[in-house]
């Protein structure tokens, strides 16, 4: 594994404070999607402006302090950070993306962060070690690194994410950085990124728990001398984006605090895509479904109730609900309750990755959502964690 | 305690099947609000039709089988039940409200239910014993009876509810029956009921977990010979409805499965009522806030994140977040983080009833929502419970 051509990375973490840097030897086209939380953090405001202009040279991420709900002073902290990093990278400060993750309401220790950044800068590079150092520097409650790589013919797309899902947003904002050495226009990148984020990262985020800092940033520096639309087909690039983001999304959910199982909800037969997405998210975010999964309990009634509560069009006579895993498949409802083999159901649900497959029976639209089980450990972590 | 004039009640429960009856000596004006779950149960369809016509003579409730997702056969079961009870009560079947609560996907054992109903009918009455028998017959996972009484001058309003909140819908649908001996027109009753339900029962129900069977039914038989609008002021009647429904709503939340604390969320300073309600519900239904409450942890950052995720208008410079209980009050954020006394915070949060008071700082609208904490016991109950 190696960073795409022309990207250098690095990071350090010390005493709960982490600093990660991404630098591109050439100016990049940049796109981003950011949290819609109305109390979003100061760095999000700044980074969205950078993405709106479409040009970036580098990224600084600090972990430990979210810099959310910190007012005007917090925004000044972002500008000071961007200025210092811009000087380091020899670029204007409005080309520096700034991301923070950590405790809400705490201002970042800018001087210390800049000092750490200078140290990282001394040893920045493109190798696997550098990529992993960046990855580890931005982690908070994560227990595993989340890295995904797509290798094209003469180009690549590298994704690095952090976040333990929708599960603990104020310490584990979801951040994802996507680096590619193809060339592309910022407006196109933005369009492709938005589509893919809607189908991946946004399908693991539950409304009520959206963080103040969630950010996904895509940088394309063109260092491979290949362009999307001519040398690389748009279809291939979109597929690469989708693959990398799907892999990162699954890794985030799997690392959900206290989670023991990955739940993949596949909704088919919806009357339109909006309803398919709503139904899939409703199932994946239902505490009752999540607790039943933890108990390895094929409770299809709760899935039905979640679908109905999502207010989507559904034909009870055509509705189908099934569970699927490496251990096989059981159908529990098919136009009516189905007598199923309890022993087999137990086996299917005992797998560490369980698919819930629901056909609403009214149309052709489908959607997928990712979730995890609700466990004692989740309650323990979140009851004990102190702001 | 006694039923309002002209109402007779009764109930029995045997081997997991309960049957409760409400009978009015006179025909009643009736109003109802029902779940908007698109997979709502067969009895809900029937009872809504009764309420649309505005006239009812009696109610039958069966517990143990939800009769949801049971198709056309389930609907026929409702009609057979209504016919049998209508015969018993000497009324047309379209004046019989039918409510069910229990396991989704199971048809009710109609013959047994009718047999039980005949037995209840033999000993139906207006005394406290009869009211309690009805209450116990309709309970499922409830651990306590939920009864509230308003006594006016020469009239009364009795409320009886069941349900362990939004916490376990397929065994504990929320049902509430409100009986009064004043006279009123069905259309007015419907209007008043809808308003009060919006501010009470609907503020304890979280979208994603709305049951297939939730129903609130208000019966007014006029047996006191007092009319709302002339003998009893509309204001007093509305206040009585609000008091009774608030008391029942709090009792339902307090009895939430595994709950150890009642959370009352008061949102002020919202730009309009819709946003006030949305913010209050978002806080009360956030797993992170609920787990923090269980841990007696004054985690205001999570409250801020929930407010922001609810996409409501809020001024961070005017925002105020406080915790209040019988042990005092602590302000944790007031235009910025506030240094507060950790010891006092611990004391405030140790109470069994905790208010979270949030001022959004942008307007005059307010709303209240009720919730409970998220506990190990909640996970245990819902992981182990088998459909």
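Heads up, residue numbers simply count up from 1 along the chain you see.
For all residues, glycine too, the Cβ spot is worked out from N, Cα and C.
Other Cβ atoms within 10 Å of the Cβ of residue B:173 (active site, nucleophile), summed over all protein chains shown, number 30. Residues annotated as active site, nucleophile in Swiss-Prot: B:173.
Look at Swiss-Prot and you will find B:140, B:162, B:173, B:257, B:382, B:387 tagged as substrate binding site.
In the three-state DSSP scheme, residue B:162 (substrate binding site) is classed as strand. For residue B:162 (substrate binding site) paired with residue B:173 (active site, nucleophile), the C-alpha to C-alpha distance reads 8 Å. Counting every protein chain shown, the Cβ of residue B:140 (substrate binding site) has 22 other Cβ atoms within 10 Å.
Filtering the recorded positions B:140, B:162, B:173, B:257, B:382 for a Cβ under 8 angstroms from any Cβ of chain A leaves B:382, in order along the sequence. Neighbours of residue B:173 (active site, nucleophile) among the binding-site residues B:140, B:257, B:382, defined as a Cα within 10 Å of its Cα, are B:140.
Reduced to three states, the DSSP call for residue B:140 (substrate binding site) is coil.
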